[in-house]
Amino acid sequence: MENIPEPSQKIEQDYVKVIRISELIGKTIFLFIIIGLYIMQKIFNWPPWIGIVLIFLFVLSCIWLLWGIFVKPFYLQKSWRYEISEEFAQMKKGIITVTHQVVPMTKVQSVELYQGPILRKYKLFSIKIGTMGTSHEIPGLTEQEAKEIRDTIAHYAKIKEVE
Amino acid sequence: MSKEKRLHPFFIIYGIWKLIKENFIPIILLYIVNAGTESLLIRTLQILFLIYFLGRIIYLNLKWITLRYSVFDETIQIKTGVFKKTDKILPFDKIQNIHKQKSILHKMFGCTTLTLETGLAGGDSSVKFDALKMKDAEQLERLILTVKERQESSLEAENEDLVNVHNTKEYITKGTLLFKPEKKDLLKASFTSFSFLIIIPIIFGIYDNLDMFFNVDDITNDFLHFITQSWLITSILITILVIVSVTIGIARTFLKYGKYEIYSDKDSIYIRKGVLEEIHFSIDKNKVQAVQIEQSIIKRILRLAEVKLVTAGEAGDSEHNTNSLFPFMPIDLAFTIIEEMLPDYKINKNMHRLTKKALLLRMIRPSYIWLIVTIITLYFFKNLWYISIVFLAFIYLNRIIDYKNSFYLLNGEFIQLKSGSIWSIFIISKRSKVIEIELKQSKLQKLFGLSTFKISNRSKPLVTDSYFEDAPIEQATEFYHWYMKRSKEVQLEK
């Protein structure tokens, strides 16, 4: 998609750490669930194929965890681009699969400033843009950026099309 | 303009009728099959059910008494509620679609149901009157249409100087007749829809119900023994069964789609259907977001298609599929009807195919479902190993058909997409009606210089997404730039 102009804005460097922590938490919980199921398979004598599937899943999610901690955060932050103009909100992300979304401002129905505990630790914010049926997120913004974007979107989104 | 009105008392009769219909089996079981029973349990159940039934009827009466509506110049006010009162005011200009529906019972009492659909999301979006006098319903409908027309033309008048403001809108049937199925179409339809197979559930239904009272299995066994005794009896029986089911299928299709008419005027599309049960509904042309043409493999062979209008707003009556124009329209006719119906729509049948690269990519793209199915069959059902091969062949056949069926075109402000294998969908929409786009490229696609794109349209209930996969990157780029010029057609509210 080289001929398609990239959205101009990048997100904060610190967002790498945010992804890393949330990946660590999420994937570790998943690993523990698999280990728990494996123990239950041994105790309750579930059919042996369940054990095989669980070992397979365990190996897979270990790789997934390593990927989530060491590779994904870096590339995701690096590839994230967004741009808010008078007409469109554009978001582009991804390395393996690149997605580029274009939402006309007039179709935006809500805009929300969001800060979870991990984001708070790094003094970062996310913006959630709600449309008719979908929700889009621009993560890893400083407070000032986030508030500016929210106000800009709120301003442009007030204009409505004749439908 | 008006005082408070109640619905026609037929509301209660219709309510009782619906109640009986809902509880048909318990009623038969309790009061006919087990009439005069000695069993205490059944006696208790009979009494409890009677109390419940009477309670529902009393509730129905209260509902009728409390339901009052008043029609004003540009709004309608509806008060309802036995225990919880609601008071709703619905401005006419918010009403998008109007449906009317008459069962035989309605016809006998000169009534109709009327549903007013608004484009708003949420549970309160439509108002349904179960029993209105035909005259009142028509009057109300005319009033709503007139008000809407007036408001629209006053809007137009602000923009253009030369607009004739006509306040009185001629009633529905004055629109031009666009489509009426011929006998030939209906015959074809009854085969594509497999409606003749309806005999199977009917037989099972009867069997199931009988099973509750008699020991049907014994009788069936005797019966099976009897019919398999001689080939003659068997073949006669099968012939009779086939004839009966085909007749039922055709009859059903003719009843459902027999008196089908599509009318159109400047602003709306009107559909009336049904022989025994009449259904009328109208669709506001301005609310059409996109048009879809769906074809199954059988329909493709018979050159039939289902034309659907993607409209914004809450689904009124999914049971009656109110956004479908006619499920068995001859395909060539479908295109001309769309253009006649929506004059600003231009369909160009000369669309781009996918490139050979896309086919190559689809041939080497791994199929995870196949992998999982194969592992499961090889582990659990080793002797069924061929399932894996059959499944793979099926997947590849699907991919090839889908490749052959994929078409794409940007034509001025229009976008046309077609894809699908067993079930193919063609969609045409305008740039201004596309509310969101997405471009996607996987590593594999990047290698081949291909990409996937998606358009979203408003619809019932929320959004319809249409994908076009493995398009050359040049087309995706063109598509992106096409969408960025969106503001050209979009009008802004002041």
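A Cβ is built for glycine as well, from the same backbone N, Cα and C atoms used for every other residue.
Some features that TrEMBL has for this protein:
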- B:12-34: transmembrane segment (TRANSMEM)
- B:40-59: transmembrane segment (TRANSMEM)
- B:64-144: domain 'YdbS-like PH' (DOMAIN)
- B:186-207: transmembrane segment (TRANSMEM)
- B:227-251: transmembrane segment (TRANSMEM)
- B:265-337: domain 'YdbS-like PH' (DOMAIN)
- B:359-378: transmembrane segment (TRANSMEM)
- B:384-401: transmembrane segment (TRANSMEM)
- B:403-483: domain 'YdbS-like PH' (DOMAIN)
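Averaged across the domain 'YdbS-like PH' (B:64-144), pLDDT for the predicted model comes to 80. According to DSSP, the domain 'YdbS-like PH' (B:403-483) comprises 23 helix, 47 strand, 11 coil.
Within the same chain, the transmembrane segment (B:40-59) stays apart from the transmembrane segment (B:227-251): fewer than three Cβ pairs sit under 8 Å, each pair at least 6 residues apart.
Within the chain, the transmembrane segment (B:12-34) has long-range Cβ neighbours (under 8 A, six or more residues past its boundaries) at 42, 45-46, 49, 53, 56-57, 60-61, 63-64, 103, 105-106, 109, 111, 130-131, 209, 212-213.
Assigned with DSSP, the residues of the domain 'YdbS-like PH' (B:265-337) fall into helix, strand and coil as follows: 18 helix, 37 strand, 18 coil. Note: the domain 'YdbS-like PH' (B:64-144) comprises 26 helix, 40 strand, 15 coil (DSSP; helix = H, G, I, strand = E, B).
Only residues 6 or more beyond the boundaries of the transmembrane segment (B:384-401), in the same chain, are considered here, and those with a CB under 8 A from a CB of the stretch are 359, 362-363, 367, 369-370, 373-374, 377-378, 421-422.
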